[in-house]
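Structure, as structure tokens:
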Amino acid sequence: MLVLRGAPALSEFRTKKLMQSIEALNLPVHALFAEFVHFAQVSAQLEANDQQVLDKLLTYGPKIQEKQHKGLLLLVIPRAGTISPWSSKATDIAHNCGLNNVERLERGCAFYIDADPLNDTQLIQLKNVLHDRMTQSVVSDLQDASILFKHEAPKPLTSIDVLGGGREELVSANVRLGLALAEDEVDYLVSSFEKLGRNPNDIELYMFAQANSEHCRHKIFNADWTIDGQTQPKSLFKMIKNTYEKCPDYVHSAYADNAAVMEGSFAGRFFPQADNNQYRYHHEDIDILMKVETHNHPTAIAPFSGAATGSGGEIRDEGATGRGSKPKAGLVGFSVSNLRIPGFEQPWENDYGKPERIVTAFDIMLNGPLGGAAFNNEFGRPNILGYFRTYEQKVTSFNGEEVRGYHKPIMLAGGLGNIRKQHTQKGEITVGAKLIALGGPAMNIGLGGGAASSMASGESNEDLDFASVQRDNPEMERRCQEVIDKCWQLGENNPIQFIHDVGAGGLSNAFPELVNDGGRGAVFSLRNVPNDEPGMTPLEVWCNESQERYVMSVAPENLATFTDICARERAPFAVVGEATQARHLTLDDSHFNNKPIDMPLDVLLGKAPKMHRDVQSKALTGNAFDVSNIDLDEAALRLLHLPAVAEKTFLITIGDRSVTGLVNRDQMVGPWQIPVADVAVTAAAFDTYQGEAMSLGERTPAALLNYGASARLAVGEALTNIAAADIGDLKRIKLSANWMAAAGHPGEDAGLYEAVKAVGEELCPALGLTIPVGKDSMSMKTQWQDAQGDKAVTSPMSLVITAFGAVKDVRKTLTPELTTKGDTCLMLIDLGAGQNRMGASCLAQVYQQLGDKTPDVDSPELLKGFFLAIQQLVNEKALHAYHDRSDGGLFTTLVEMAFAGNTGLDIKLDALTGDNASALFNEELGAVIQFDADKLNQVDAILAANGLSGVSHVIGTLSDDDQIRFSREGEPVLQNSRGVYRNAWAQTTHHMQRLRDNPECAEQELASKNDLNNPGLHAALSFDVTEDVAAPYIAKGIAPKMAILREQGVNSHVEMAAAFDRAGFASVDVHMSDILAGRVSLSEFQGLVACGGFSYGDVLGAGEGWAKSILFNAMARDEFSAFFERNETFSLGVCNGCQMLSNLKSLIPGAEHWPHFVTNQSERFEARVAMLEVKDSPSIFFKGMQGSKMPIAVSHGEGRAEFAQTTGLEAALDSNTIALQYVDNYGKVTEQYPANPNGSPAGISGLTSKDGRATIMMPHPERVFRTVANSWHPDDWQEDSPWMRMFRNARVYLG
């Protein structure tokens, strides 16, 4: 084993934050220093040249001053017996660089601790701060890392002596293994194995427990019900299915697959042809798939990993729909208990304590969103929708006084995708079909996730809780998705017959489900399962929940095609079994020469006992909420600090929202990028204005007073949100319903039944809405003991609705951005019809009240009329702005619109009934619309035709100053400056950013928000955006070949290909594996573009691993060097491609002054809209664009330009090779955050070679080449945005 020192692992402010965590434990630690250490397992001593390559390979990242090692060494390494995702990717790079004697690379982090002597307890506490016990170990000597390369012998299975010891043996195993089997399931298993005449193996019991857990089987939703002695006619699931029976319109797949499918658009899907890899449009039906999952239990234990794998699992559900499909855009949501942000605690936030095994709500929101965002970012899916609610309060509800809240959080992960009509249904699994596991290896993690998720928090052993959390590797999932994409792109020749994702229960659930759903049995070989921990037992190999895996069946005659696709994408797979005619499951173990599983599928899946719920309903005992003594000024500021109302930028800018180039509406609105959008919208393709929309609705605290109302409000809010998009027919909208409840808690079961009936039997059929997909989580309760005795925090019954719909014209989507042009009116449409019910409102929450009566959907017809009226107004382009009324009421709706429009307001409450507090802060459904004053009659007529005249009120207009005024009958009711409200609204985000990211950047961003003169994003162009300079060359009919270059983990190649295709190029998909295998030569191409993403997951530095696999591979180096030397060629590197090409500068003529790119100053992934200025440089891409200033999408974690020498910046400026610079909204070159999102010196965002043929840039022009793909744009831009000019300039350059 070789030991190689690396760079310092922590920046100054990260070290400071770690020290603060250690000081909070009162440990006598004075200082620490952290450094990466690399370990190489080699098969033979490396020659000098190889050693030099290895040294260079492991030198990466930013320059940080090295320090002397002193103090106690604590070396954090991956858990012994595992192979980390870092290791597998770094080893791949080493092999691609020709280091064949390097068998494996691994990385640790050496902490040198300056401390007084530590006792054993203190040492354990310190180690717990420094490492993640799920995936890491701590040793005290560098040579101890050699355990990383030792392999244990496989461990045998164990059997449970049911035949000899009877039922008690199984009861004991149930507790020991954390199986969560019900009493009747224990009886069923005892009976089944007595009939088989043998004892069950542990693996068989575990497999049964996972497959039949509440998490997987949804036993409560399929149960028979008796409520208050009355037998109920339907199960919960049947009431949900009732919506489909009443309205099956536009639904192509429901309840039968990993996701539901609905009718979408007809447009041109853009992907490469199989025969020559050239991209082209394929005009066909582009149907919409939809799925929303929850990952609550793991997120309470390990927030980053729980949320990351929650998103990853949901993405796999989408990709595994039908015979393979394409995830497109994501959403995420969180409900947690009170944040109690250190230094920003709020008056309503009492601390009721928590058990040790779960983390705090603050920790969940500090790390969980990062996990969800990181997975989506690296996979390459834009995350463009979300919600965030906190609730934790002692209330008097149905069960008397108790604490209700989200100690067990809701972590929502969902999204939409697209699927070919021909692949919507699963195919036939033929007898003899190869049963394949695609994706990463088995590791001993995530055991028992399904069963653990099915228990109330506190019922299981703490070690089992930790064992049930999975770990993520999104770059692997991206490779798998590329394989699935290549399969469905073959159309009728798609080799995938049947596909499922691997989730809860691992292969033990996925493979039996696959063959059972396909009507087959199977014979499997345990030792064919790819395995990174050979020492695992058969149970651990078969049942672990290692992520990024799919199972599928492929006919033997198509296996060669599938194998070739996987090889090109470097996606590992294995044939694990074969499908059989007999519905029997056999698992052979060649190592121990036995059969760990040998049972009929019917025993596993067919006849488990059906649940019966016999429950009682509870009467309400709430008290009215008295608002008469509330100070309105204080109430307004409290509400603006409540997370459900407050600004959520800290949850949004961490997530890529522009990847794919198909995002039309993300959360950020207008020139000031205010996060207030009601709906997320994507375009169906690059050649259409049709698209897809999704929105969220949830009013969970209302369930503490009225279960049915809470459910109806969730549906209503999803509709008032999606109404901002151009949908048309209400039947075009389909819903996902995610149900969370504390089953067994007094009154909650009957309440759940009431809520499901309210939407499934009543509201949705009345509206013509269908719920074709959903999920339930029935153990939303946390129990523990402390010095004060038994404690519990029980979640409200929680329904989260996601609405999905096909969009007719994405350009018509409305936002809350008020226009300040002309004479306009603001109108409130009040679907509560003046009732102003205040129960369970945000105002009640911030005063620690609950109230008695909640808002409700009293008239489905009124809600339907509202939706149709707004749709007509959208279609006729009669409105300037739209914002629904929700958390915080009318006050919040209006101030958010004022923030988006950067304007003051004059609001008159005269037309609104009731007291001022209720008028301002009630959360009845409704919306505020803005329109030209001279269109009042047109608007009135449309509202009247839909039955809304009596609930629609003109309430005011914009003010000429910065004040937001509310008055009644000429008397002031509430008034403050927009600046005061804007600052208050920003505080939650600001404090979370300060504690999570670089505090200096957080301070700079707050200062930017408080700059009331900030002119916002704008465009000042030096050229005519409507001119197509490439048209004369395209007319010649010659399309120069353009290499759209990608490496494993790259995710922005399709939109790049589309941009060059539009400019007249023949865009060709080129994988690095094509070049390394000699299948493709760069001599065929006149242009090359290295695309954005996360090559090799950014191990060994962003883009550096990719570059070094070229520099240190003789064949690849020669290919690229020859290409760059040819005078008639050009090259472009964007984002990850920019990072990569900057590390190839030794091969690129005239690029010697280029920097490389390192971690952003914020030390956070930054997804922003930034202003760029095009400089006067030789770049062929920016000819005629010099002096232009315009917005562009930015999405990267390592974009800060760093020069090797201190004189590097000056040399770059002197050589005129800086092509692009970040400017602020005043148009000045800036290093200030967030206008400069990464802290690059002199605002550097792009550079060129001295002859202009090679250009690199961190921002993403390919994602915004269409005007509709820009988060904000001037009204006069047409189809093409100004960034399209640079691609056309490249075509002009070739002549």
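Placed from the backbone N, Cα and C atoms, the Cβ positions cover glycine too.
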Inset, instruction - Determine which of Asp678, Asp852, Asp915, Asp932 appears in Swiss-Prot for the same Mg(2+) site as Glu717, Asn721, Asp884. - result: Asp678
Legend entry - Taken over the domain 'Glutamine amidotransferase type-1' (1042-1295), the model's mean pLDDT: 97
Legend entry - Distance check against Cys1135 (active site, nucleophile) for the recorded positions Asp678, His1260, Glu1262, keeping those with Cα within 10 Å: His1260
Inset, instruction - With DSSP as the reference, give the number of residues of the region 'Disordered' (302-327) in helix, strand and coil. - result: 17 helix, 2 strand, 7 coil
Legend entry - Cα-Cα distance linking Gly306 (ATP binding site) and Asp884 (Mg(2+) binding site), given in Å to the nearest integer: 31
Inset, instruction - Would you mind listing, in sequence order, the residues at least six apart from Ala308 (ATP binding site) in the same chain with a Cβ closer than 8 Å to its Cβ? - result: Gly371, Gly372, Ala374, Phe375, Asp472, Pro474
Legend entry - Gly312 (ATP binding site), number of other Cβ atoms within 10 Å: 30
Legend entry - Cβ within 8 Å of the mean position of the Cβ atoms of Asp678, Glu717, Asn721, Asp884: remaining residues of the chain near Mg(2+): Val679, Ser695, Leu696, Gly697, Ala718, Leu719, Thr720, Ile722, Ala723, Ala724, Ser886, Ala927
Legend entry - Distant-in-sequence Cβ neighbours of Glu314 (ATP binding site), under 8 Å, six or more positions away: Lys291, Val292, Glu293, Gly330, Ala413, Gly414, Gly415
Inset, instruction - In whole Å, note down how far the CA of Asn721 (Mg(2+) binding site) lies from the CA of Arg316 (ATP binding site). - result: 27
Inset, instruction - Based on DSSP, name the secondary structure state of Glu717 (Mg(2+) binding site): helix, strand or coil. - result: helix
Inset, instruction - Enter the number of other CB atoms within 10 angstroms of the CB of His1260 (active site). - result: 27
